[in-house]
Structures are given as structure tokens and as C-alpha cells.
Amino acid sequence: MATRLARKLPSSFSAFSSSPITKLTSGISPPSMSHGGPGLRCASSSSSSSTTTTGSNSSSSKREKKITDCLSAVIDAVNDRKLPTELRGQRNKVRSETDIINVVEQRIWHSMEEGQFENLAGKGKPLNLNTNPHADPAEDTLYRILSKNGCAPEWVELNKEIRNKVFEWRVALKKAWTSKCNGNDEEKWIERCESLKKQLRDINDKVFRYNLIVPFGRQMFGLKWEKEVARLEE
């Protein structure tokens, strides 16, 4: 009897497994036991990710602000070290270079009052002008060689030539102006003016070349006809 039941059980179980209900429910997973079901679980995960992103952005902005503050502090410290000791820590009160110059002058006056300029080396002796500590060594050597041979740099010679030309030109202009004021022919004045203007252009060309080769700070202005004539009218 038991043997017969055992033989019939597999066939019954196989029939049950192949029933339509089993086929319909085979692909369905049990529902999630989280709060609010699957929909609320997705919403909570998205909100947590946005909170994480916001927190990371705020932390990065704080870190950048901290780095900027550190760099600003370093720059302020470097600029403060450039000031005299009397003005350190008061950089905001320094409005111009005049404040720094005043401090330097005060130091000089205090040194003079304390007699620090009384026993300087070389006091009362002529200055040694054979070398220029502020010039480029190569240029200084070249200038010394020119000086020993009785020569001068081109810009020095050109400066002398321009000054001589300007002096002669102004003498000629004054002579022509005086002749005009004495009632001489107007046509002669016009002819002299044309000649003088041509000489003025030549002088200004030399001034232009001089300003190109002269060391910085030694440039000169050219001549202007209107200013020169206005000077004579005065």
C-alpha cells in the first residue's frame, strides 16, 4: 500500500507544478518589507544622494575659502616686510610713497644728529670716479677705454652737437626777429622763416636719434616753432 502511494506521489506533484497557477506565480517575487514600499525606497535613496552632494560642495567651498585666506595672509605679510620697521603693521595707513620718504628722511636726520656721518671713510677726499658701481660691467669697461683714448660715447657727442646747433639756431632766429621788428622787408622774414624751419626739423631729427640711444632718464625734448617765436614776443 505504501509502495503504491509512493509511486503515485511524484506524478501528483508534477501535475501541481505544471498547473496554470504555478506558472503565473513563478515569476513574482515577494514584496519588499521596507517602509512605504518600493516607491518610497527610491525617493529616500535619491534624497540621500542629493544631501551627500550638497555636503561635499559645501566642504569644498570651505576648503577653497581657507586656501584663499591663507594666500592673502602670506601676500600681506610679504608686503608688510617691504615697509620700513616704523610702518610695519600699519600698511593700510600708507597712502603714498611720501610716507615712506618721510621715514627715510627722519632716519637720515637722526643719524646726522647722532654724528654717524662724521667719521665716514674717505671724508674730505676726492671721489673715485674711475668706476661706476651702478653701471653694467661691460658698459663701464667700454666707457673707461673710450675715456682713456680721449673719446666719448655716441650719445655724449650727439648731445654736445645738439646743444651747439640749438644755440646757433636761436641766435639766428633772434637776429631775424629783430630785423623784422625794425621794419625790414616782410619777404625776407618769410624766407628766413623757411630756412629756420628746415634747420629746426634737422635738429629734431638729431634729438629723436639721441633719445633712442641715450640711457634711460637722459632724454630731451625737441624744438617747437610756435614756442620759440612766442618766447621772442615776450
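Any Cβ shown, glycine's included, is placed from N, Cα and C.
Note: TrEMBL annotation is automatic and uncurated.
For 20-32, the entry in TrEMBL reads compositional bias 'Polar residues'.
Among the features that TrEMBL reports, compositional bias 'Low complexity' is placed at 44-60.
Summarising the annotation, TrEMBL assigns domain 'DnaJ homologue subfamily C member 28 conserved' to 103-165.
Taken from TrEMBL, the feature region 'Disordered' covers 1-64.
Secondary structure of the domain 'DnaJ homologue subfamily C member 28 conserved' (103-165) per DSSP (helix as H, G, I; strand as E, B; remaining residues coil): 35 helix, 0 strand, 28 coil. Mean model confidence for the domain 'DnaJ homologue subfamily C member 28 conserved' (103-165) is a pLDDT of 83.
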